[in-house]
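Okay, so here's the structure we're looking at.
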Amino acid sequence: MSALLEIRDARRTFVTPEGGRLAALDGVSLDVSANEFVTLLGPSGCGKTTLLRAISGFETLDSGTMRLGGADLTGLPPFRRPVNTVFQSYALFGHMTVARNVGYALEVAGVAKAAREAEVAEALEKVGLAGLGARKPGQLSGGQRQRVALARAIIAKPQLLLLDEPLSALDRNLRQQMQLELKTLQHSLGIAFIFVTHDQEEALTMSDRIVVMRAGQIEQIGTPRDIYRHPKNRFVAEFIGETNLMPVTIDRVDGSEALARTAEGVELRLPASGRKPGEQVTAVLRPADFTLGASGIPATVSRAVYLGSDLYVFVQPKAGGPELRVIARDTAGVEAGATVHLSHDPARVHVLEAA
Amino acid sequence: MRNPVGWAALTAFSLAFFAFIYAPLFVIIGYSFNSNPVNMMIWEHFTFDWYTGLLGLSDRTTDVSNRAAYVESTDQMLAALRTSLTVALFTTTISTVIGTATAIALARYRFRMRGFYNGFLMLPMMMPDIVLGIGLLIFFVTIGMKLSMLTIIIGHCTFLTSYVFIIVQARIAGIDPALEEASADLGASEWVTLRKVLLPQLTPGILGGALLAFVISMDDLVITYFISGTGDTTLPVFIFGMIRRGVKPEINAIATLIILASVVIAALGLWLRSRKTD
């Protein structure tokens with residue numbers, strides 16, 4: 001199946017106020033399929049917004065190509081591109097009613113008023129704002145404005161919807177609710193979403209695929225599980241979720257398992273997969289990969305944070321070295337100063353090549 | 001805890017402040033109804049004579065023996081008022097269009113020397129009126145242009161464009177550029193975006209700028225004094241000419257009428273503003 005959106009070697013350099021050159025996009029290639037939910041994830045300044053703006057046409061590329069449904073987008077102004085955007089600030093037209101905001105794309109395209117009204121009502125219905133068409137945006141709550149922006153962007157049935165951190169202004173509960181709703185909406189509309197965020201939790205919740213970006217380059221593309229369980233490098237491992245990164249040296253290989261040691265002598269078991277003794281690698285363990293039990297790495301609890309059903313525990317291995325972060329079931333006796341033993345399933349340990 | 005002495009002092013100060021500002025205006029309004037034709041500071045009795053005289057409805061003037069005084073007070077004044085209104089109407093229209101277009105261009109497009117243009121547009125506002133007036137006069141004489149209503153209009157536009165520009169620019173600075181991007185994103189060309197999104201958003205600023213330009217144009221004396229020809233006198237220049245031959249009661253009546261017109265225009269402006277921001 002050919003991709004809906006094909007980006008090949010996109011490059012864009014900005015001149016900084018100091019006269020330096022900043023590569024916002026440094027050779028980005030990406031395919032997005034029809035009906036796919038792709039998230040561009042990265043710290044601020046990684047180029048994710050520039051990439052989004054290049055797709056919508058507000059930013060031009062220095063080099064590289066972009067094709068949508070097989071058609072070249074180069075040189076096409078924003079108003080001729082069959083993509084729509086949900087802006088971070090929502091960008092609602094304050095002097096128009098909600099209904100006129102939502103129907104703006106049809107109004108501009110010259111659709112007759114009667115036909116427009118039916119579609120506006122339908123779009124408002126889809127985002128759960130039926131009956132609020134006569135209001136002005138200023139009379140709506142933040143969450144409602146967000147929905148108006150969404151309805152306005154989907155009314156023209158674009159092949160691709162771009163969302164620029166649209167949930168960042170909402171409070172946590174509303175954000176989580178909108179995450180699920182967006183995902184549902186995307187499925188029912190059957191159009192591709194490209195969603196920009198710096199919130200890794202948001203990315204993990206909604207995406208079919210996550211594109212992790214840094215300094216204008218793509219670090220890794222994969223499903224949320226892929227990215228979380230098998231980060232390609234330190235940056236991805238640290239950016240997505242809490243991580244324990246442990247530089248270790250392979251001690252010996254025992255069939256399918258290898259025994260490795262940190263410089264301080266903390267012992268870890270990891271998948272053998274062709275490792276040789278003496279090799280230096282980095283073991284990646286998520287906090288939930290450790291279990292607290294009767295045997296394993298002896299460690300002292302330095303701090304335990306109560307999370308409800310779980311405990312978030314900071315432990316200091318007795319052998320020394322950096323603190324480890326562990327998520328464990330809430331157990332009596334796990335408190336600052338207590339001695340615990342950490343065990344882990346070797347199969348859950350992800351290994352990065354470089355130490 | 002509120003300090004009663006301090007509070008009383010503050011109240012007294014505020015009242016004195018407003019009295020200081022408005023007393024001269026009320027004095028003029030009061031004098032305009034005083035029937036004493038020789039010394040307006042001595043109250044005789046209440047009269048509408050100066051108003052009816054101004055409007056040519058009665059023939060009582062300060063100089064009864066000389067019917068020419070009636071002509072000066074009425075026909076010439078009405079002609080001056082007509083000139084003022086015509087000039088204000090044209091300059092308001094021209095400077096509003098140019099000032100608005102300039103503000104949009106400087107705020108939304110990137111080109112060389114933007115900062116320089118920005119500063120350059122403020123300059124006519126900072127320039128002393130007398131310098132601008134002399135400069136314009138010398139310029140018109142140099143290029144051989146006869147002083148007329150046209151030169152007044154051109155002269156007013158040179159500095160009123162700056163006023164409109166500054167007011168519209170302040171408004172445009174508060175408008176999220178994403179609004180125009182959203183419009184383009186939804187399929188609107190630049191022209192449609194200007195018409196449906198940017199101009200409606202700018203309306204309060206444009207109206208405010210236009211109103212200010214109108215009032216300043218109506219009010220300007222110094223610059224107009226230099227660049228008005230003998231035939232076309234504006235109201236301020238006309239009043240200035242009358243005062244040189246002594247302050248007559250008619251002047252108080254004119255001033256009162258102007259105050260009334262200003263209040264009406266200002267109220268209209270405030271009403272338009274409040275309607276826009278609901």
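Glycine is treated like the rest: Cβ placed from N, Cα and C.
Bear in mind that TrEMBL entries carry predicted annotations, made automatically and left uncurated.
Feature annotations, courtesy of TrEMBL:
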type: DOMAIN; residues: B:81-269; note: domain 'ABC transmembrane type-1'
type: TRANSMEM; residues: B:7-33; note: transmembrane segment
type: TRANSMEM; residues: B:85-107; note: transmembrane segment
type: TRANSMEM; residues: B:119-141; note: transmembrane segment
type: TRANSMEM; residues: B:147-168; note: transmembrane segment
type: TRANSMEM; residues: B:197-216; note: transmembrane segment
type: TRANSMEM; residues: B:222-241; note: transmembrane segment
type: TRANSMEM; residues: B:253-272; note: transmembrane segment
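Counted over residue pairs separated by six or more positions, the transmembrane segment (B:119-141) shares at least 3 Cβ pairs under 8 angstroms with the transmembrane segment (B:222-241), which defines the two as touching. Here the transmembrane segment (B:85-107) has long-range neighbours at 114, 117-118, 121, 149, 152-153, 156-157, 160-165, 167-169, 172-173, 194, 198, 202, 206, 209-210, 213-214, 217-218, 224, 234, meaning same-chain residues at least 6 beyond its ends whose C-beta is under 8 angstroms from one of its own.
Here the transmembrane segment (B:222-241) does not lie next to the transmembrane segment (B:7-33) in space: the count of CB pairs under 8 Å, restricted to residues six or more apart, is fewer than 3. The list of residues near the transmembrane segment (B:7-33) in space but at least 6 beyond its ends in sequence, with Cβ under 8 angstroms from a Cβ of it, reads 40-41, 46-48, 50-51, 249, 252-253, 255-256, 259.
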